[in-house]
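Reviewing the structure listed below.
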Amino acid sequence: MKKDVESTAGVTVVVTAIADDPADPPPPASSEDNLRAWLTVLGSALVYFASFGFTNSFGFFQDYYQTHYLPDQSPSTIAFIGTLQISLMYVVAPVAGALSDAYGLKWIYRIAALGCCGSVVGLSFAQAGSLWQPFVFQHHFDQHSNVSQGVLFGLVVAFNTQPALAVVGQHFKQRRALAMGLVSGGSSISGSGLPIMLSYLVPKIGFGWALRATALLMGCCYVVAMAISWTKEPPTPTKEPHTPTTEEAPEQPPAKAALAASSLLDFRGYKDPRYLVLAIGNFVATLGVYVPNYYIGSYALLRYPTASVHSYLLPALNGASFFGRVLGGYFADRTGRLNFLWPMTVLSGVLSLSLWLLEQNIGMIMAFALLYGFTSGVFISVTPAAVAQIVPDDKIGILYFLRA
């Protein structure tokens with residue numbers, strides 16, 4: 001026993017001596033626990049609030065255009081503005097991600113801030129009663145409504161989606177789904193708050209000034225996001241020192257344009273069958289995931305014109321989506337991202353085929369909005385984290401292209 005005590009004491013002395021040695025550095029802190037990482041999450045959430053959240057609020061514009069601005073147009077014609085907006089966003093997202101890798105995150109944010117705020121201000125000058133629709137023969141053309149909201153906003157919002165998620169992926173590995181869920185939750189908060197804010201402001205100050213106030217709010221979000229977002233440099237591998245001979249030319253860093261092109265044209269993920277299956281499934285699911293967001297308000301107004309709750313269905317759906325995105329990310333990190341993603345995606349489809357078609361009263365529509373918002377929120381937020389788990393270097397850009 002004495003020998004054990006002496007041995008234990010000896011070990012204690014040695015351990016104490018090693019711990020007190022000033023030459024040894026302290027153990028490195030996890031990059032997921034530092035303040036910069038979580039500030040970057042907040043910054044990306046603000047970017048999603050100002051950009052993707054406006055896209056999630058299109059159900060308000062669908063309802064408003066049908067009843068005030070474009071009463072002579074069919075709902076599908078009006079919905080073309082929103083579908084064009086979100087399609088362009090996903091098409092351009094890979095290009096925006098490649099440019100962000102080459103030129104830096106904050107330059108991309110500046111372009112997005114100017115474009116998003118400018119397009120909303122341009123939309124505020126749209127005239128009632130006309131619509132620019134390039135694929136349908138009509139006699140009235142209003143370049144403000146469709147170009148500002150459908151084309152311009154769809155193009156510039158792409159400069160937010162992938163870069164804002166990619167910069168968070170640089171800081172988080174183990175809790176990546178949770179972090180990306182928090183970022184994506186910013187758009188859900190905006191999708192809940194903006195329709196309520198616009199419903200309150202439009203009758204008081206008019207449609208144009210309500211949109212200008214929205215643009216000011218977006219600009220403030222971008223300013224704060226650019227101030228608190230940090231890009232984490234990837235670790236550089238150590239190499240043996242090499243002295244070039246006279247015949248060898250010094251190695252030149254790749255040009256920014258070449259770096260952007262190589263990042264954009266990287267299809268290594270397709271070598272993994274898991275990624276291929278996920279990409280195809282994501283393509284199919286995205287065909288219908290945003291339909292309730294666009295039509296739930298106008299559908300409830302058509303079915304129950306005397307019920308005033310229809311204006312709160314879209315905020316309720318987006319509010320439930322916030323919890324789906326955040327809690328979905330939390331549980332996906334613990335149960336497996338792919339394991340948690342596929343049942344929630346299937347459940348979203350089942351809800352669309354059951355509650356959406358079998359409703360008997362406005363209460364069932366509200367229940368559908370809450371349940372569908374939660375499950376679809378899981379699909380939207382966990383998919384990028386699942387892709388980043390499979391694809392080298394977090395090349396998720398091509399997934400956004402398939403979503404378009």
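These residue numbers are counts, starting from 1, taken along the chain as shown.
Note that Cβ sites are derived from N, Cα and C of the backbone, with glycine treated the same way.
All TrEMBL annotations are machine predictions without curation.
Look at TrEMBL and you will find 274-404 tagged as domain 'Major facilitator superfamily (MFS) profile'. Residues annotated as region 'Disordered' in TrEMBL: 234-254. The feature transmembrane segment is assigned by TrEMBL to 37-58, 78-100, 107-127, 147-168, 180-203, 209-230, 275-297, 309-328, 340-358, 364-387.
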May I ask you to check whether the transmembrane segment (209-230) and the transmembrane segment (78-100) make contact, with contact taken as at least three Cβ pairs under 8 Å and only pairs 6 or more apart in sequence counted?
no
Under 8 Å between C-beta atoms and at least six residues away from its ends: which parts of the chain pack against the transmembrane segment (180-203)?
41, 44-57, 59-60, 64, 164-165, 168-169, 172, 209-211, 213-214, 293, 311-312, 314-319, 321-322, 325-330, 332, 373, 377, 380-382, 384-385
Would you kindly list the residues that approach the transmembrane segment (364-387) from elsewhere in its chain, counting only those six or more residues past its ends and only Cβ-Cβ distances under 8 Å?
165, 169, 176-177, 180-181, 183-185, 188, 269, 275, 278, 282, 285, 289, 292, 296, 299-300, 303, 309, 313-314, 316-326, 328-329, 332, 337-338, 340-341, 344-345, 347-348, 351-352, 355-356, 358, 394, 396, 399
Report the listed stretch (37-58, 107-127, 147-168) having the maximum count of Cβ pairs within less than 8 Å of the transmembrane segment (309-328).
37-58
Mind checking which residues reach the transmembrane segment (107-127)? Cβ under 8 Å, same chain, six or more beyond either end.
47, 50-51, 54, 69, 96, 99-100, 142, 144-145, 147-149, 152-153, 155-157, 159-160, 163, 207-212, 214-216, 218-219, 222-223, 225-226, 229
Within the domain 'Major facilitator superfamily (MFS) profile' (274-404), what mean pLDDT does the predicted structure show?
82
